[in-house]
Amino acid sequence: MLQDESLDDFLDAFLGEKGHQKPEKKRWPTPAIPINTDNLAAVAMVHKDMKEPIAKKKLSKRTWVAIVMILVIIPLTIWFGIRFMGDRKYYFISMGIIVYTFVPFLMVFEGRKPQARELIIIAILAAIGVAGRAAFFMLPQFKPVVAVVIIAGVCFGAESGFLVGAMVGFVSNFFFGQGPWTPWQMFSFGIIGFLAGILFRKGLLKSSKPQLCVYGFLATFFIYGGIMNMSSLLMWSSIITWKSVLAVYITGAPFDLIHASATVFFLFVASKPMIEKLERIKKKYGLIER
Amino acid sequence: MEDSFSTYHPIINFFYFSVILIISMFFNHPMILGISLISAILYAVVLQGWKKALKFNLLFMLPMLIIVALINPLFNHSGVTILFYLDNGNPITLESIIYGLVMSVMLIQVIIWFSCYNIIMTSDKFIYLFGRIIPALSLIFSMVLRFVPKFKAQLKVISNGQKCIGRDITNGNILMRARHGVTILSIMVTWALENAIETADSMKARGYGLKGRTAFSLYRFDNRDKGMFGVMLILLVIFIIGVSMGNTFVQYNPIIIINGIVPMSLSSFFTYFIFLVFCLIPVAVDGFSAMKWQKMKEVIPEKTKCAEIRVGIEAQ
């Protein structure tokens, strides 16, 4: 309980302090600040140094980075893109912002010097995701990655969910080929796991089968599909009209539907035993004390 | 053929590919695109051999080029040179066709460059580069890469064990086979998790995360790398100066404006030439080392007499 309270205090202070800066973010309203602060929810789960950044220092290094990024780097990217990139400005700016959203995650994670056990659990889950994607490679878009990422988010918190997702996206592309799509995939997988962790913590998502399946379907279809379709449009063309957006989403819909059904299938089959196993490991070795 | 560009320091490899990929992703001047595409194909041929590279390009890239090039004029009707009208009254313009072509060339060359990147920037180089900036994540990354083959091997062990008690995926009717498969996967996951904790404890016992620990790496930033880095930086600076002079400005919409080709000024020619040199660095490096090897072979007097020397040189 105390964790929640101190977290909420911090969120209030943090958001109140920086409320006036919000309009600076133009095109991608969500990433930097919310991710940054909400991440503390995940940090707090690892109980050891959770109070320190919240209570003692007024502005942590991470906050400074976020401020610099929002006030300086992102506007600079937008200006640079519009000024110099001509036709490619949309792709340049969106790609830049996607890459920046990783920075707060990396800083939070690296900054608190994670324990070996934590690292290895994330690695194991990511490896299961990669192996799963490799096992079903002959069926296009039929991949269990999102299911694994959601389970990771639910069992080990939002931050782990994000890291597992981003890691699966990155490593599996070593087997399937890296490309301009890699950062987008990493971000989409990551954010699905992140949201799953947040929703579970806030009590909006239960670890019951039907709820997970519904979340899995919606997340895959709207978040993953939404981001990846848009990214391919940005990659292919630079004159973005409502018509072309619609066309991309319509052509992408069947693939997203297959992907979403695959997620539902894997969550339906594997979520219960998988969560049981993870909870057992957590209890047996005291991974996360509540 | 052995690629000698990949023997340079990982920083050199990574820097080269970052620059090339950024330029080819964000510049759509036809000259830059053409140079980049040709160099990408050339390097892919050097790395993968004629057959594989050509097969890849013809089988996957050509259809992609045509599809992407055709899609653009269907959705994009801007441009002043109207060629004809579609049935629904939308115009097809010359500008949108050319733009579709440009975008498809851009997409293809990025993919070809990435196919070269995948060969040169192996995962160990990546871990080496990022191990200091993001140590925890690099460790996770390398563990994931390790776990995948480990899982595969362990799956075999479990599967064989189950086979001995008649519960393998080859035993029974289709329903039982599926059930056996699920059991095997379940055993697999449990084993993986337990094994992970064991690994973590072992890491902790050996002092993971303590201060003053060093990491071993094979790479050394020697004079050859310094020279190469200098050359790359100089070329890049000249290219950026050329770009800022407007030599790569291009506009496709609503009218096509292409700077620097007709009439080609000295400075624009120089800009393109510098870019060509930059693109061809790996190919040139490979060519030079092949020539060097040829020369060294000529020095060797006779095959039979100097078999031992040859063995020695080849081993290098």
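Easy rule for this one: first residue shown is 1, then count along the chain.
Note: Cβ is positioned from N, Cα and C throughout, glycine not excepted.
Residues annotated as transmembrane segment in TrEMBL: B:6-27 (among others).
The transmembrane segment annotation in TrEMBL covers B:32-50 (among others). Below 8 angstroms of C-beta separation, residues 1, 3, 20, 23-24, 56-57, 102, 105-106, 108-109, 112-113, 115-116, 119-120, 248, 272, 275-276, 279-280, 282-283, 286 of the same chain, each at least six residues beyond the ends of the transmembrane segment (B:32-50), sit close to that stretch.
Annotation comment: TrEMBL describes B:56-75 (among others) as transmembrane segment.
The transmembrane segment annotation in TrEMBL covers B:96-120 (among others).
The transmembrane segment feature in TrEMBL is assigned to B:126-148 (among others).
Under the heading transmembrane segment, TrEMBL lists B:228-249 (among others).
Annotated transmembrane segment per TrEMBL: B:269-288 (among others), in sequence order. Beyond the transmembrane segment (B:269-288), the same-chain residues lying 6 or more positions past its ends with a Cβ under 8 Å from any Cβ of the stretch are 1, 3-5, 8, 16, 19-20, 23, 31-32, 35-36, 39-40, 42-43, 46, 116, 120, 228, 231-232, 235-236, 238-239, 242-243, 245, 247-248, 260.
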If we call contact 3 or more Cβ pairs under 8 Å (sequence gap 6 or more), are the transmembrane segment (B:96-120) and the transmembrane segment (B:228-249) touching? no
Counting only CB pairs under 8 A, let me know which of B:6-27, B:56-75, B:228-249 has the most with the transmembrane segment (B:126-148). B:6-27
Same-chain residues near the transmembrane segment (B:6-27), Cβ under 8 Å, at least 6 residues beyond its ends: 33, 36, 40, 106, 109-110, 113-114, 116-117, 119-121, 125-126, 128-129, 219-222, 224-225, 228-229, 232, 236, 248, 275, 278-279, 281-282, 285
